[in-house]
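Listed features, source TrEMBL:
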COMPBIAS  1-24  compositional bias 'Basic residues'
DOMAIN    42-220  domain 'Cation efflux protein transmembrane'
REGION    1-27  region 'Disordered'
TRANSMEM  41-63  transmembrane segment
TRANSMEM  75-93  transmembrane segment
TRANSMEM  105-123  transmembrane segment
TRANSMEM  135-152  transmembrane segment
TRANSMEM  172-189  transmembrane segment
TRANSMEM  195-213  transmembrane segment
Amino acid sequence: MSARCGHSHNHASHGHASHAHAGGHSHEPAFDGASPAYRRILLLVLAINAAMFVIEVAAGAVAGSVSLYADSLDFAMDAATYGISFWAIGKAASVRARVAFAKGTSLGLLGAGVLGVAVWRAFSGAPPEPITMGAIGLLALAANVGSAVLLYRWREGDANVASVWQCSRNDAIGNVLVCVAALGVFGTGSAWPDLIVAGLMAALFLNSAIRILRQSLGELRAAEA
């Protein structure tokens, strides 16, 4: 995801005109989260994710679903991510980049962990309970779509802000996949739809981790130049 904001920020009070490379790349700084409105939304989304983690981890245990388990861990990590992102607002660019790097690393570890659990359950687990999967998946989808809508206007910013948007987007996509998995388990009586979706979610986590790590490393190099 680009580190540039999708819109222009006016810095007229500094008396500087906007500069651009010949290739059309803006020199204007990416949004760093230093906005009262953004802070309020971030705290609200944090509360939503923390509540859904508690609900979904319990439901995942009851249903025996790896995809629900993966999604509950994602909720937990996102709540932590939003808290860390809130703390990092206003800090030096190098600090924000290091925070984003840590979040990208955590997301990569989460993806690897989910993939490992899915492989283990492929050989040892019984089919999950699809009704609970579907009901909780729909509830989580509503929570994550709401969070993504709230954060949409800030989807492009520095690595710290961009990672928050990517977490919310991943959650919404993951919940759609959980609902699809529930239908697949219900229709086939097999655990494979759940395991396949868990694998897709792991791939999504790993892809976002790579994006966040690349962007944060670029911003860290720029900050230390």
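Glycine residues also receive a Cβ, built from the backbone N, Cα and C atoms like all the rest.
Using the rule of three or more Cβ pairs under 8 Å, pairs at least 6 apart in sequence, the transmembrane segment (135-152) is in contact with the transmembrane segment (172-189). Scored by C-beta pairs under 8 angstroms, the transmembrane segment (105-123) has its highest count with 195-213, from the stretches 75-93, 172-189, 195-213.
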